[in-house]
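Database features, via TrEMBL:
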| type | residues | note |
| --- | --- | --- |
| TRANSMEM | 44-74 | transmembrane segment |
| DOMAIN | 48-487 | domain 'Major facilitator superfamily (MFS) profile' |
| TRANSMEM | 86-103 | transmembrane segment |
| TRANSMEM | 115-133 | transmembrane segment |
| TRANSMEM | 139-160 | transmembrane segment |
| TRANSMEM | 172-189 | transmembrane segment |
| TRANSMEM | 201-224 | transmembrane segment |
| TRANSMEM | 330-353 | transmembrane segment |
| TRANSMEM | 359-381 | transmembrane segment |
| TRANSMEM | 393-421 | transmembrane segment |
| TRANSMEM | 458-483 | transmembrane segment |
Amino acid sequence: MAGAADGMGSKYAALDPTDGPELDAAMVSRRRPSASERRSKERFVYGCAIFASLNAILLGYDVGVMSGAIIYIQKDLHITEFQEEILVGCLSVISLLGSLSGGRTSDAIGRKWTMGLGAIIFQTGAAIMTFAPSFTVLMIGRLLAGVGIGFGAMISAVYIAEISPAAARGTLTSLPEICINLGILLGYVSNYAFSGLSEHISWRVMLGVGILPSVFIGVALFVIPESPRWLMMEKRVPEARAVLLQISESEAEVEERLAEIEEAANIMKSVNSEDKAVWRELLNPSPAVRRMLYAGCGIQLFQQITGIDATVYYSPTIFRDAGIKSDQELLAATVAVGFTKTIFILVAIFLIDKVGRKPLLYVSTIGMTVCLFALGTALTLRKHAEGLISPNLGIDMAIFAVCGNVAFFSIGMGPICWVLSSEIFPIRLRAQASALGQVGGRVGSGLVSMSFLSMARAISVGGMFFVFAAISTVSVVFVYFCVPETKGKTLEQIEIMFEGGKEWKGGGEVELEDTQHLIQGDKKSFSLG
């Protein structure tokens, strides 16, 4: 492999017109950028990742703002409970259209222009919702917004993974989750800020403000470069090399990464027949790809069916069931949830490339299970054993449990879902496999959102959170058996790890031991693979 890498390195070096024939591999390897140049390259990579993550703010804002806007939509348009569930939950399901078509689109026109297309579609949908005179028109805008969100959210994580160095990929690919949390918080704040307007105007302003982030996305497209891996897939090697020179520490690293990308693409071509379609390959996968799909689709599914969207979308309903009465107090409580979610995602960003993905997933899933069970207990006691706890204590318990649930979610399941989905698939399958991985998550989110109120009426709100607690328990088992540790590995090394199988299965006891160190506050970096 080293020989191949050297050969490819010299081939790509020759494509650079600035390099003379006398510049050999040894001279390239001796070049080292200064500290200021390295910092400049790091800032550029982080800037690209932040710009690409702006798409996720659209998703987060929509989730957060709808939880409060629905209160005023009900009063203004007089919609039924069933219509409320459809309006809230349809975005997750319809975003599948954007996600699934986004994979093929990004392979055709590039990663960054697919993000731009998603922003345009979302803007159109948000504008229609803002001026909707009826429920039908509101649904049309909602459906368009969902397609736009599906386009942008799916491809953002893929783009970030493809421009990130291995050592910082976990942090950078977590940025979309930060932006989702920031968007949710902004949505909650928007609800509270505009709640004093009339019923006819308040929800329209709340939804209309969501157009602003997509404007910044349009500006970002003229700043960020195209993915070097996509450029290599299109055989635009000089352009890919130019991008890698902007984001890599040295020219030797550029040649090495070019060789790795090219070799990974060639391996995938040799494993499968040349004319085999990507979707056919995904539907009839090899053992390695099957393991990737188990991990990628499974983590997306568990992220949603453990009830996070129900907690966020219906937090006013939860707090009303806990005993809070006024609309403004309900919206103020949701702002506290938004702040908690945003703060703890920042904790995850600092830890994900230090302690690894799997220990954080253990802490996250176990903590969520405890908090979901506590929330179910608090709501059930208030309803069926009112004399056992005071009303204020029941409200405090509910707020604490909801905040705890979103905190543990933000430490692990939230950001790591994005990280794994964007880094475990090989380059030839990455865009469409990532889109397929979102199917489970979006379907799960839609089913939870569209059935929560009906199910809660049948078994109570507290009963629903006992169900979520049971599902969260299963997610702990899933993490143990199906999720590999990918910390510190290049995308090409991760592919080889899945091909090997043995390394993919091993290490469970070590990772559990690392989790104990994490809980005890150990700040060391663990070597987990």
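Positions of Cβ are set from backbone N, Cα and C atoms, glycine also.
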*Two-stretch contact, the transmembrane segment (115-133) and the transmembrane segment (44-74), at least three Cβ pairs under 8 Å*: yes
_Selected stretch (most C-beta pairs under 8 A with the transmembrane segment (393-421)) from 86-103, 139-160, 172-189, 458-483_ = 172-189
*asked:* Under 8 Å for C-beta pairs, could you tell me which stretch among 44-74, 86-103, 172-189, 330-353, 458-483 has the largest tally with the transmembrane segment (139-160)?
replied: 86-103
*Which stretch from 44-74, 86-103, 172-189, 330-353, 458-483 shares the most C-beta pairs under 8 Å with the transmembrane segment (201-224)?*
44-74
*Within the predicted model, mean pLDDT of the domain 'Major facilitator superfamily (MFS) profile' (48-487)*: 83
_Let me spell it out: take the transmembrane segment (172-189), skip the flanking residues so only those 6+ beyond its ends count, and list any with a Cβ under 8 Å from a Cβ in it._
45-46, 49-50, 52-68, 153, 156-157, 160-161, 164, 206, 210, 213, 312, 331, 334-335, 337-339, 341-342, 345-346, 348-349, 352, 410, 414-419, 422-423
